[in-house]
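> Take a look at the following structure, please.
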Amino acid sequence: MVTAEAATRRLPIAILISGRGSNMRVIAEQAAKGALMTDVRVVLSDQPTAAGLGIARAMNIPTEVLEPSKFPDRASFDRALLEVLQGYAPELIVLAGFMRILTPDFIGAYAGRILNIHPSLLPKYRGLHTHRRVLEAGDAEHGVSVHFVTEELDGGPVILQSRIPVTPADTEDSLSARVQQCEHRIYPRVLEWYAQGRLAFRDHHAWLDGKRLDEPLDPATK
């Protein structure tokens, strides 16, 4: 159920990136043309040379950089991250290729309000090098998952998964390109559900339209 307020209000979000920012670009472009009811308050990166920062600046989105090398440990980095983000008052944190593991303190500060996109069919292949691992295992299919972030690495409840077949001709690059196309379709959809007030995290589960998601949704049927 979409309330009247949710239908017109733009959800303030912060997008965290480490690289090219392709998902960030898609989200920001859809928001700019009114296809996605979000307000991208800031794009933040832990890499000063991240290509996505230039994309954000070209779209007149505020950017911030926090370099991990300037902090003695993860905890102090995440405290600074919290302080910077609080200045933009986001209601949702969107991880879009942010290659840092967040501390429990940070996750607790935004409990139930952090989303991530991961290039595998979770719970398979958490962590890095998912395309290579799929090929090495000889899997028949691959894909991408959008999930709520919890303290367990890539272990939060999965909301939506998109699948692709793996062919004998596939390489890491070809899988990456096809998975990325899926990412660009499903991440904005999940963000829109959240912005509409339809998606929530409670009792360690994802809920959509008041129903608990015991299995990830398939974009072909939802």
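Placement of Cβ uses the backbone N, Cα and C atoms for every residue, glycine included.
Copying in the features that TrEMBL gives for the protein in this structure:
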ACT_SITE  HIS118  active site, proton donor
BINDING   GLY21, SER22, ASN23  N(1)-(5-phospho-beta-D-ribosyl)glycinamide binding site
BINDING   ARG74, MET99, ARG100, ILE101, LEU102, ASN116  (6R)-10-formyltetrahydrofolate binding site
DOMAIN    13-191  domain 'Formyl transferase N-terminal'
SITE      ASP154  site 'Raises pKa of active site His'
> Quick one: pull the CA-CA distance for MET99 ((6R)-10-formyltetrahydrofolate binding site) versus ASP154 (site 'Raises pKa of active site His'), whole Å only.
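Counting only the Cα atoms, the answer is 12 Å.
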> For LEU102 ((6R)-10-formyltetrahydrofolate binding site), what is the tally of other C-beta atoms lying within 10 angstroms of its C-beta?
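I get 23 for this one.
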> Compute the C-alpha separation of ASP154 (site 'Raises pKa of active site His') from HIS118 (active site, proton donor), stating it in Å without decimals.
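For ASP154 (site 'Raises pKa of active site His') versus HIS118 (active site, proton donor), the Cα atoms are 7 Å apart.
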> Suppose we draw a 10 Å sphere around the Cβ of HIS118 (active site, proton donor). How many other Cβ atoms does it contain, all chains included?
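Excluding its own Cβ, the number within 10 Å is 22.
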> Measure from the Cβ of ASN23 (N(1)-(5-phospho-beta-D-ribosyl)glycinamide binding site) and count the other Cβ atoms within 10 Å, all protein chains considered.
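A 10 Å sphere around the Cβ of ASN23 (N(1)-(5-phospho-beta-D-ribosyl)glycinamide binding site) contains 22 other Cβ atoms.
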> Say you check the Cα of SER22 (N(1)-(5-phospho-beta-D-ribosyl)glycinamide binding site) against those of the binding-site residues ARG74, LEU102, ASN116; which is nearest?
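For SER22 (N(1)-(5-phospho-beta-D-ribosyl)glycinamide binding site), the closest Cα among ARG74, LEU102, ASN116 is found at ASN116.
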> Including all protein chains displayed, how many Cβ atoms other than that of ASP154 (site 'Raises pKa of active site His') lie within 10 Å of its Cβ?
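For ASP154 (site 'Raises pKa of active site His'), the 10 Å Cβ neighbour count is 20.
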> What residue among the binding-site residues SER22, ASN116 has the most other CB atoms lying within 10 A of its CB?
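Answer by Cβ density within 10 Å: ASN116.
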> Of all the binding-site residues given, namely ARG74, ILE101, ASN116, which is spatially nearest to ASN23 (N(1)-(5-phospho-beta-D-ribosyl)glycinamide binding site) at the Cα level?
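Of all the candidates listed, ASN116 is nearest in space.
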> If you skip the near sequence neighbours and keep only those at least six away, which residues in the chain come within under 8 angstroms of ARG100 ((6R)-10-formyltetrahydrofolate binding site), Cβ to Cβ?
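Long-range Cβ contacts: SER18, ASP46, PRO68, ARG74, PHE77.
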> Among all the protein chains here, how many other CB atoms are within 10 A of the CB of ILE101 ((6R)-10-formyltetrahydrofolate binding site)?
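Its Cβ shell of radius 10 Å holds 13 other Cβ atoms.
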> What whole-number Å value do you get for the CA-CA distance of GLY21 (N(1)-(5-phospho-beta-D-ribosyl)glycinamide binding site) and ASN116 ((6R)-10-formyltetrahydrofolate binding site)?
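ASN116 ((6R)-10-formyltetrahydrofolate binding site) has its Cα 13 Å from the Cα of GLY21 (N(1)-(5-phospho-beta-D-ribosyl)glycinamide binding site).
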> Measure between the Cα atoms of every pair in ARG74, MET99, ARG100, ILE101, LEU102, ASN116, the residues the record assigns to (6R)-10-formyltetrahydrofolate, and report the largest value in Å, rounded to a whole number.
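Comparing all Cα pairs, the maximum is 19 Å.
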